[in-house]
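Here is the structure we will look at.
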Amino acid sequence: MNKILLKRQILYNLPKYFKNNIPYTITINKSNQFINNNCKNNNNNFRKLNFTTTTTTTTTAPITNNKPKSNMLYSPKDRSYEEAVNALLTLQSNQTVIISWTKERRDNKEESAKFLMEEMRNYCKTLSIDLERESIIHVAGTKGKGSTCAITESIIREQGFSTGLFTSPHLISPRERIRINGEMISKEMFSQYFWNCWDLLIKDYQTQLPNFFRYLTLMALKIFQDEAIQCTILEVGIGGRMDSTNVFPKPMVTGISALGYDHQNLLGNTLAEIALEKAGIMKVGIPIFTVSSQLPEAINVLIDHSNKVKSPLSIVPSIDQYTISSGGGNNNNNKIESIGLKGTHQLENASLAIALANCWFKKQTFKDVNEIFNSENHKQYNYETNNYNVTQFTPLLKSIELGLKNCEWAGRAQHFTNPSHFPNMDFYLDGAHTVESSIVMLNWWKSIVNTTTTTTTTTTTTTTNNNDDDTIHILIFNSTGGRNPTSFLTPIIQSIDNKEIPIFNKSIIPNIIIEKPIDKKYYINEIIQSNQSSTATTTPIPDNAAVKQTTEIKESSTWEDFVVECYDKLSKKSHPCITADSIESSIEIAKELSENGTKNVKVLITGSLYLVGGVLKVLLKEKSFN
C-alpha cells in the first residue's frame, strides 16, 4: 500500500486496527513523528502505538483487550432534530489532523483524489445510493457557483420538474443546504434521514463516520434519490476533483463559473492550478459549460483538460444575446433586462444557468420536454458535441424567463429591511470573500449609494428620500478562513479615496464567534475545515484555532484587532473603525448611530458568508441555532 495513504488511514482509522484484538503490522515513512504526536495528543481515545522515528520501520501493535473509548461516538439523548444537529457537529476533524491532511492533499493530489473518491463511493454503497443516476447537474467555480445552481434550480422547477438542490455553506440552519423544490427540507425530514444514515454508517464503519461536509453530502444524495427527485443540482464545496460531490461518473451536464483565487492552501497558488482542480468535474462525453469572463490562464487550462478527457466545452454567450417572447411570436421579442438576483454580475451566472438548464431539458426523455424542443432551432443542438449557441434557444422558454425572475438567494446582493425593529435602516448583505468578489460587491454597492433611495418609515406613511449628506453609511465587515483582509478592503478604501462611494461614518469589525457553545463550535470548525478532510474525530478543537493560522495575527491581541489594524493602515485612520464583541452589538451600534430611527442609515455587511448568516439571524430575530 502507498505509504502516504497508509499514514492517512492510521491517523483517521486507529480504532479499526484494534477490532477483534488481532495483531497487525504497519509501515510508515520518515514523517511518522507526526503520527507519534497525534497519538500522544489523543491518548484519551487511542492506545499509544510504539512508533519509532526511523525513515522506514515496521511495527507490530500489542494485543490487548482495551477498546476505543465510548466518547469516540456521540450518544444522542433521542432522535430529535436538535440531537441530529448536535451529532452532526461532532463529525469534524481537529485542527492538527486538518492541517496534515490538507498538506497531503496538496502535495499528493493524484493519490489523494483516488483515495477520497473511493472512500466516498464506499459510503454511497453503504447507503444504497445509486451512482449511475444521470439526472445530475454539477457546478464548480470560485465566484457565483451557488447563485448559478440556485438559478438553474429555479428554471427547471418552473418547467414543472421536481428539483433537489445541495449547496454550501448555510447561513442560519443546516437545512438550507438541502432543498426540495426550492424549499429547505423540514426538521422532520432532516432528522429522519440523518438518523437513517447514522445507523447504516455506524453498522459498517463503527466510529469512523464521514466528516461534517461529507455527511451532509451523503444525506442530500440519499434524500434526493429516495424522494424520487427528477433533477439534482450539486454545488461543489471546494475545488472539484477531490470534492465529495464529484462522486457521480456520469452527470447529465457540468458547469464552471468564474474562477479566481481562493483556498490556495488546497488548490494551488496559481490560477492555472486552481482551474485544473475545478476542471476535475469534467467527465468523458459529458457537456461542460463555462463563462466568457475567464482569464486566459484559466480558460486555457479548461480547454486543454476538456480535450484531454473528451468533455465537450462550450463558452456561454452574454445574456443580452437571448430574447424572451413578448407574446407576439418569434418576431416580437424582448431582451432580458433584469433577473430576480440583484447585481450585474448575476447576469453572467444566469447565462450559465440557462445553458445548463437547456442542456438538461434537451437530454430528457419525458414527453413534455420533447414537445418543448420540437422547433428546428432546438433540434440543431447536439449535446454530444455541445454545439451550443443562442439561435438554437431563442426566444427562451417561458419557464426560463420565470425562473430568472423568481429566483431568490439569501446573502448574495440582498437588500433587507425590518421597519418594526430597525426603522429607517436598510441592510445590504453580500457574502463576497475573495478579492475578485469584493470588486463585484463594490460595483453593486456603488449602484446603491449613487442611484437608489433610502426607506424612511413614519407613523402613518412610508416614503423614500434620495441619498444625501444626511444618510449615514456603515460597514460591518470581517474575514474568515485565514484570508487576508487587506486584499478585500483595498478596493473599498480606494473607492472612498476616489470619491466613488461615500465615506463610512463607522466601520465595525464584529467577533463572529457566537457565544453559545454549539454555535461557537460550529463557526470555528466551518471556518477552518469546510470539507478539507475526509473522516471525523471528536478531539476537542481549540477556541482560537481559526485565528492562529496567520503569523501576522500574533502582533494583535485578537483577529478583530488585526482586521482593524489592516483597515486603519489602508484608510490612514481617516474614518473610524472599531471592534464589536458580537454581531448583536455591532447591529446595536448601527442602530444607535441612526439615533434610534430618526436618521437614514445604510449598512453594508460583507466579507464572509458566516458574518452575513449571523447578521441575518439577528435581523430575523431568530435567536436559536435551528
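For all residues, glycine too, the Cβ spot is worked out from N, Cα and C.
Binding of ATP is attributed by Swiss-Prot to Gly144, Lys145, Gly146, Ser147, Asp430, and the same site annotation extends, among Arg121, Arg133, Arg412, to Arg412.
The ATP site is defined by Gly144, Lys145, Gly146, Ser147, Arg412, Asp430, and by the 8 Å test on Cβ atoms against their centroid, the other residues of the chain that qualify are Lys143, Thr148, Ala150, Gln346, Asn349, Trp409, Gly431. Within 10 Å of the C-beta atom of Glu235 (Mg(2+) 1 binding site) sit 24 other C-beta atoms, taking all shown protein chains into account.
Across the structure, Glu235 (Mg(2+) 1 binding site) and Ser147 (ATP binding site) are spaced 10 Å apart at their Cα atoms.
When the Cα atoms are compared, Gly144 (ATP binding site) and Ser168 (Mg(2+) 1 binding site) turn out to be 12 Å apart. In this structure, the CA atom of His263 (Mg(2+) 2 binding site) is 19 Å away from the CA atom of Ser147 (ATP binding site). The binding-site residues listed here are Gly144, Gly146; among them, Gly144 has the most other Cβ atoms within 10 Å of its own Cβ. When the binding-site residues Gly146, Ser147, Asp430 are screened for a C-alpha within 10 angstroms of the C-alpha of Ser168 (Mg(2+) 1 binding site), the residues that qualify, in sequence order, are Gly146.
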